[in-house]
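Trainee: This is the structure I want to talk about, given as structure tokens.
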Amino acid sequence: MASSDTAEATRRDFLYVATAAVGAAGVAAVAWPFITQMNPDAATIAAGAPIDIDISPVTEGQIVRVFWRGKPIFIRHRTAKEIQSEEAADVGALIDPQPDSARVKPGKAEWLVVYASCTHLGCIPLGHQGDWGGWFCPCHGSQYDASGRVRKGPAPTNLPVPPYEFVDNTKIRIGAGVA
């Protein structure tokens, strides 16, 4: 009988292990969809990813609008006259004092990249408008200069500068360094 008990014990152990393995696989199969549904989908990941913009077709004086993370961005190719005017502006007289050099990349003063939403209530300003030739918000009359600094109206702050970098002389990466 001893050999029969050993065989029965071995068979019983095997059934315990097999049942536990099937049970674990079943739990994993049921849990897997719940775990994966907590991950962001591909559209969400892509929406926050940096984007590269080819700026070679943007002529001097032109403003283009692109979208990053669902928000509009202005890219302005400033003229030498605009750069000179903005660098000479009295920073102390501004509503939100900020020098022109703090709003552009060193050596690339001809390119200005800012969010295209008025800092008052989020309307999209019109380019090459207003008393300073920058942007004019048609909703409540805020005016920005060619550096995106608020000059007049209810807007409390300058147009924000998004994180960006120059990949090369003809390409800007918006969202660089953002996780």
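Every residue gets a Cβ built from N, Cα and C, even glycine.
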Trainee: For CYS139, which disulfide partner does Swiss-Prot record out of CYS118, CYS123?
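Mentor: Looking through CYS118, CYS123, the record in Swiss-Prot gives CYS123 as the partner of CYS139.
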Trainee: Would you mind checking how many other C-beta atoms are within 10 angstroms of the C-beta on HIS140 ([2Fe-2S] cluster binding site)?
Mentor: 12
Trainee: Cβ within 8 Å of the [2Fe-2S] cluster site's Cβ centroid: which residues qualify beyond CYS118, HIS120, CYS137, HIS140?
Mentor: THR119, LEU121, GLY122, CYS123, PRO125, CYS139, GLY141, SER142, GLY153, PRO154, ALA155
Trainee: Mean pLDDT for the domain 'Rieske' (80-173), rounded to an integer?
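Mentor: Mean pLDDT, the domain 'Rieske' (80-173): 91.
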Trainee: DSSP on the domain 'Rieske' (80-173): how many residues come out helix, how many strand, how many coil?
Mentor: 15 helix, 25 strand, 54 coil
Trainee: So if I measure Cβ to Cβ from CYS139 (disulfide bond) and keep only same-chain residues at least 6 apart in sequence, which ones fall under 8 Å?
Mentor: CYS118, HIS120, LEU121, CYS123
